[in-house]
């Protein structure tokens, strides 16, 4: 038996974020669609060749997306909401961009599709919309075109398709309610057509992704897999692909499916190799994900060699692969020229992970474990590194008591003290934190970072931008202000730069959604705060106005989830280390006179384990970390938190347990649907439902905002409602920001007047 290796997908954006730059240039009207298409072709060709050169046997095709792979699947199926359809019924690249962004260089602007997290990652997908009686047909042949590209270049390819059951699972019903699972029989003919086209191209294996199988699915959804895959049998072999967690709970169903292979994530899953050997049919190809696609740490290949021996001994066909798509990993470690060599030796980015697969498959095929020893040596040396361990942090963690996570009084007492202190009007208006990161701001930070600007001139420049943000907000009539975060490159990276235990890359970019990329810090050791982080800028901003200015912190769970974490200690331990560091920041902000402090936790739900049976333990420590961070605040200090793209109904107990005085949430894309959870739960504290979508450049009208607020007021008492955008305004321009906020403030003022009348 020859063991092949493969990846489940590769980063799309390019080492220098070429795709992002080409997208944004096209959207701004500065380049043509053909120029954008050329960049895409060049990136795909480069990435295929890089994987091949690294020793990957089978190259993924179909992992590239112009915005998001779920959105690509929607277009493939002809699933385009009426508001985005072209008059002639055609589907083109601008159709895709209108769905993702709400507008494109051609076609009429309309509300963008809802966006939410891809399982428990920091990647976002565009939620498919389903209506009763919907028709599907093959209207977007991107996958087939890209397979033709790769074949023309002489590559051995493995097309990648998002599976039909997972696709339906990820979507939402619009209009009259119905069971979207009933649409399965309608989308399967399109899948059959695509598979038939691939068979014509002599494709042997198709990777069909069904990550929903890593969930604890309702019985009717689990039962849907058998008829679905009965219908998809054909000339091509199907590699049913799962990832992000174990599938043991669904393995009996999976093993009865008419497929020829199965991919299992052994990194994040708890599936025992003995269970796989006994349950997965002997004649199936078994592919095991052994290289972590979601982190940056070098794999212990020597350990994997030993762990895989029972499979090598018993399986007729075995592949090794990445645990999931390498989409979630930076591209190339070799360009990181500023990393300390010891620390650098601990890491592997996407290209290095491809090399790891080649090394391990070669060692397995040649029964040569000695060939892996040099690769695994830095992993063992890291265990004893002084960069990793800080005794003082461990002592402080051990001294935590339950009282440390409790505010002095309950919300009703605190609310009274806060009303007396701030004297805010009904329908108080605020923003979520950041203001537009202009070319000038980015240039200022870059010049300072690269040594072209000294600290004094940098701070003077940042102070001017903060002053401008305060002036703009006062002119607009906002009630609670923010300093605008001009000094911050990223809400997680900024804090990581000021905390011990973090390191940073130069080019470690990963895609979050569309053209949005983030450069997560890496947590390499125990976390502590050497000095105050945000206090001076918050204090300066507050000195410019009589209105309250919020202190802005990123919460411990979000910093954890949006960083590449250590793997040698628990996530709970890391979160509580961060919480203790930020607790000191809350205390220092209070001492500086900051009376409203926002602790953002947009990633709280994202951190949930995929198995609902594991939620309780996670939520307990995640909530405790937030409270540990916030509970040092006095009664008249108002603690806000903000959450993104969340379904709240099944975690409302935990949301309430955070005990934040005000929670702001993203609701505009869901037309305030998310507030139903708060209404049914009778959420006791204050809520700011987002009234417009900041991810779209479309400016909401006063009437639009009023309508959403009135809809919110049907569910939440007006005395507990705040008025705010969905999220921070970092990615928007000042012109649209002014227009949108002016309309938002006017809507709040109109409602105040109506309330008095």
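Backbone N, Cα and C atoms are what each Cβ position is placed from, and that goes for glycine too.
Applying an 8 A CB threshold to same-chain residues 6+ apart, the list for residue 695 (active site, proton donor) reads 101, 102, 112, 115, 513, 726, 727, 731. Annotated active site, proton donor per Swiss-Prot: 695, in sequence order, evidence recorded as sequence analysis.
Applying an 8 A CB threshold to same-chain residues 6+ apart, the list for residue 19 (5-methyltetrahydropteroyltri-L-glutamate binding site) reads 12, 13, 39, 40, 43, 515. Among the features that Swiss-Prot reports, 5-methyltetrahydropteroyltri-L-glutamate binding site is placed at 17, 18, 19, 20, 117, 516, 517, 562, 606, with the record citing sequence analysis.
Here Swiss-Prot flags 432, 433, 434, 485, 600 as L-methionine binding site, drawing on sequence analysis. Close to residue 432 (L-methionine binding site) in the fold, though at least 6 residues off in sequence, lie 482, 598, 600, 642, 664, 690, 724, 725, 726, 727, 728, 729, each with a CB less than 8 Å from its CB. Residue 432 (L-methionine binding site) falls outside any helix or strand according to DSSP and counts as coil.
Residues or ranges marked as L-homocysteine binding site in Swiss-Prot (evidence: sequence analysis): 432, 433, 434, 485, 600. The number of other Cβ atoms within 10 Å of the Cβ belonging to residue 600 (L-methionine binding site), over all protein chains shown, comes to 25. Residue 600 (L-methionine binding site) falls within a strand when secondary structure is assigned with DSSP.
Under a cutoff of 8 A between CB atoms, and with a sequence separation of 6+ in the same chain, the neighbours of residue 644 (Zn(2+) binding site) are 602, 603, 666, 727. The Zn(2+) binding site annotation in Swiss-Prot covers 642, 644, 666, 727.
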Per DSSP, to which secondary structure element type does residue 19 (5-methyltetrahydropteroyltri-L-glutamate binding site) belong, with helix, strand and coil as the options?
helix
Run through the Cβ atoms and count how many others sit within 10 Å of the one on residue 642 (Zn(2+) binding site).
27
Rounded to whole angstrom, what's the largest C-alpha distance between any two of 432, 433, 434, 485, 600, listed as binding L-homocysteine?
14
If you count Cβ atoms within 10 Å of each one, which of the binding-site residues 17, 117 comes out on top?
117
Residue 642 (Zn(2+) binding site) - helix vs strand vs coil (DSSP):
strand
Taking the centroid of the Cβ atoms of 432, 433, 434, 485, 600 as the L-methionine site, which other residues of that chain lie with their Cβ within 8 Å of it, listed in sequence order?
431, 482, 491, 552, 598, 642, 727, 728, 730
